[in-house]
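Visitor: Can you read through this structure? Questions will come right after.
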Amino acid sequence: MPLPWSLALPLLLSWVAGGFGNAASARHHGLLASARQPGVCHYGTKLACCYGWRRNSKGVCEATCEPGCKFGECVGPNKCRCFPGYTGKTCSQDVNECGMKPRPCQHRCVNTHGSYKCFCLSGHMLMPDATCVNSRTCAMINCQYSCEDTEEGPQCLCPSSGLRLAPNGRDCLDIDECASGKVICPYNRRCVNTFGSYYCKCHIGFELQYISGRYDCIDINECTMDSHTCSHHANCFNTQGSFKCKCKQGYKGNGLRCSAIPENSVKEVLRAPGTIKDRIKKLLAHKNSMKKKAKIKNVTPEPTRTPTPKVNLQPFNYEEIVSRGGNSHGGKKGNEEKMKEGLEDEKREEKALKNDIEERSLRGDVFFPKVNEAGEFGLILVQRKALTSKLEHKDLNISVDCSFNHGICDWKQDREDDFDWNPADRDNAIGFYMAVPALAGHKKDIGRLKLLLPDLQPQSNFCLLFDYRLAGDKVGKLRVFVKNSNNALAWEKTTSEDEKWKTGKIQLYQGTDATKSIIFEAERGKGKTGEIAVDGVLLVSGLCPDSLLSVDD
């Protein structure tokens, strides 16, 4: 049965309302979904892009930036997100990464547009983390010994603390511990430098022995071990670290070579080399020329009395001179050869002496009469036989030869000085003189050589003449002291115009003050070449001449 209209109308209205309600519900649900997207805003019942946003071709709201983001992207209304290396509101400014802290590069940084570049110093290479590592290795620099790779690069090493790196950074140089004074050896030992180290060794003339539970340097007795080089006609005396030689009675020489004094010889003929003989002649000729050029005479005294002889057989007193053997620890064969050679030289010298005496006496050279002719000045000369004589002092020009190798005077080395004077061969290979080499001692060190004149009280004036030489730059000073009650400095020389031998003079005036000795003192300078030398020492009666001729003239 059909429903009545009155009943059907309400049902129709409710159905229509239900249908529209469902559509509105669906439409509301879509708006809510759209409202959750960025840049979507709800305007009443409508959904639209927010301010600063606009719908793109895909129907999605996207932000807008004015005037835009040059090197970046717009992430909000007028809000830019810049790409790395750029900054600013519109991302148009470059970032200087090299000025940032910490610096992005280890060595060198160069800024670029929107980025930067790192560079390494020479000898290094760039790593991915912008650090620099040394590109050189130990195999590339060729060290002398060992090498170590470090952060700064390969480093050459020396195997000992006694070595140091050379300026080239590869080789090792020795450190001289002895010269630097970094080490001090025990008593009686000397420092010997080696490559990379050093050791302490006994001084020459000593040997290492184990005594009383410890090692010590003990003196070698060269005399008992027959390792000395003294002449067969000399006595050997052992000293600490060395030995001394002294000619036996009846012989003369330096102890290493001794020759017999002839029985019939004229007392101590002047045996100086030609330069000294010539100088004596010139000096005497000069003095006699002041006396109306009188001729030089050789006076042969008449025997009248027998004086008490005083024997002084040492032309150079080597009791204070150490004659060091070159091979103190053995080598008898070498020493025997030296002794044999010395003995042959002595025989030849002895024979030459006899012939020379006869020749000189006939030729009229200046010589010493066989008398105690030192009466004028108290000096006793050598006498092997008791002789009688009578002198007329006014007729004598007395000259005493105090040269080192054949003179008649006593010379001694000072024990309290810093170094000894050393014999040095003359240029003509005849005889020797005394010298101080530039390498002897240190700066300001003193070496003294004494000429002994016991009880010299001149009854007339005497002149001391000597040859000297100061060779080398800043080699030192030479002084001469006359030792008496005053010990006065009589002569001094510090420099020389050239390296030639020159002649010095000191006047010994008549008086009551006894002259005990004359001291030649050498003071070392800072020079490393040359020498200080003395030769041809003479005592001549009378006043010193006003002018002297050079030995080299």
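Here the Cβ of each residue, glycine as well, is placed from N, Cα and C on the backbone.
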Visitor: According to Swiss-Prot, C98 takes part in a disulfide bond; indicate which of C82, C105, C109 is its partner.
Guide: C109
Visitor: Have a look at Swiss-Prot and say which candidate in C178, C202 forms the disulphide with C191.
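Guide: According to the record, the bonded cysteine is C178.
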Visitor: Where does the N-linked glycosylation site label fall among N298, N397, going by Swiss-Prot?
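Guide: Among N298, N397, the one Swiss-Prot marks as N-linked glycosylation site is N397.
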Visitor: If you pull up Swiss-Prot, which of C217, C223 shows a disulphide to C236?
Guide: C223
Visitor: Among C105, C120, which cysteine is annotated in Swiss-Prot as forming a disulphide with C118?
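Guide: Disulfide pairing in Swiss-Prot: C118 with C105.
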Visitor: Between C230, C247, C258, work out which one Swiss-Prot annotates as bonded to C245 by a disulfide.
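Guide: Disulfide mapping in Swiss-Prot sends C245 to C230.
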Visitor: Based on Cα distances to C247 (disulfide bond), point out the closest of the disulfide-bonded residues C105, C118, C132, C223.
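Guide: For C247 (disulfide bond), the spatially nearest of the disulfide-bonded residues is C223.
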Visitor: For C109 (disulfide bond) and C118 (disulfide bond), what Cα-Cα distance in Å is obtained after rounding to a whole number?
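Guide: Cα-Cα distance, C109 (disulfide bond) to C118 (disulfide bond): 5 Å.
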Visitor: Out of C185, C191, C245, which of these disulfide-bonded residues is nearest C120 (disulfide bond) by C-alpha distance?
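Guide: That would be C191, nearest by Cα distance.
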Visitor: If I restrict to non-local contacts, at least six residues apart, and a C-beta distance under 8 angstroms, what lies near C185 (disulfide bond) in its own chain?
Guide: C191, C200
Visitor: Check each residue in the chain of C132 (disulfide bond) that is at least six apart in sequence and keep those whose C-beta is under 8 Å from its C-beta; list them in sequence order.
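Guide: Non-local contacts for C132 (disulfide bond): Q106, H107, C120, L121, H124, M125, L126.
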Visitor: Residue list, the domain 'EGF-like 4' (174-212) vs rest of chain: Cβ under 8 Å, 6 or more residues beyond ends.
Guide: 158-160, 162-164, 218-220, 222, 240-243, 324, 328-329
